[in-house]
């Protein structure tokens, strides 16, 4: 039979309980929290959406009437809108994370090769204008699509948006090897503005991997990607048309007759990098060197009642709305990887407090070796941080969630190692998360940008990961809801919250 506590023990308990309770309350109060709607993934199968339903069935007619308007906006769509029938959200997420891992590995491989002074060999796998953007959850990738008119008369083509590539290319007839795409394959023989680039032309010398068809005297291009995908064919100049009347003549494009790999649904790729053959560089004389995009959440393309859409804008209109709300930071150039948009991230805050153990030195680019640094990338979904930096941010996030009453689930999910069971809860409080940029700017992320659902049961995971690849990446999940401004004239990058 247990004995009753002594009067002395009872007195000590009475005296100590208030200070302990106050200390715990104080510890909880020192963190700042967001409110997150804990909506799990839907168990329903996705329905395939036709491109016309997203971009408008009359786009071809609009493009056909295109003039030299100074401003036009292109809509973007997530690749989820082009998912195979009967796929579930959980299946698409698993596929997207696998694709994402391949892209991050490819960037890391390129960074390592650049640091060593080598280039990866191609591998085969057997005013302004603006455009709408579509994102890629349904195909399992984090890619966004834009619809562009190619040629004269303009033929609609669905192109992947990619800030990590320079060459603009699309599949062309006749095909030696072509993958299944949405819409018809572009036939240059039907375009009045198509012109092959001669081997001796300066444009041909701008290619990293170029060649010459001596019989025809025309320039050949080839682009290989880290996942083994490849495109090769003729380098040509062509007119690109955009909704609301913008038309850019004589753009150097790759007309791909041999295309293999993971380019599901899209007709090709819209290179937005910093190289000499990217679209922003080629259009700079007419529209300036600035562009911006705004990516809404990945499911908006599937919601017909949604009033928010992803867009990409070129020219002076790209800066519209930035104002005092924008967090600008200088662009950094990596001479060994000139395509990518590097920025200086100097630290992180979790729950309103700077994360200890993270300094600018941990994230700084070494220009002499090409290693380190942080890039903004439209084609990577999940942010990757240098391993030591990620470990410190993760530890701070885990401590803040524990103080707020959330408990880790055992194990993880795919590349995520910090997950929580939020099943049965409609809203939860999660710690705030901010990036600190050089120049004093702070980018406060909304909670849905870093704690995301991964199944139908209510498991949510911290959507960041560590990397040993030598370069950190800010992915498009973390960019959602921001207008990301690439101000090439001032050589700076800005993020404007709540501006889609």
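Using the three backbone atoms N, Cα and C, a Cβ is placed for every residue, glycine included.
For residue 162 (active site), the same-chain residues that are 6 or more apart in sequence and have a Cβ closer than 8 Å to its Cβ are 143, 269, 270, 271, 272, 273, 378, 379. Positions annotated as active site by TrEMBL: 162 (among others).
Marked as active site by TrEMBL: 377 (among others). Of all the Cβ atoms in the protein chains shown, 25 others lie within 10 Å of the Cβ of residue 377 (active site).
The domain 'Peptidase A1' annotation in TrEMBL covers 144-496.
Marked as signal peptide by TrEMBL: 1-23.
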Local confidence of the domain 'Peptidase A1' (144-496) - pLDDT mean: 91
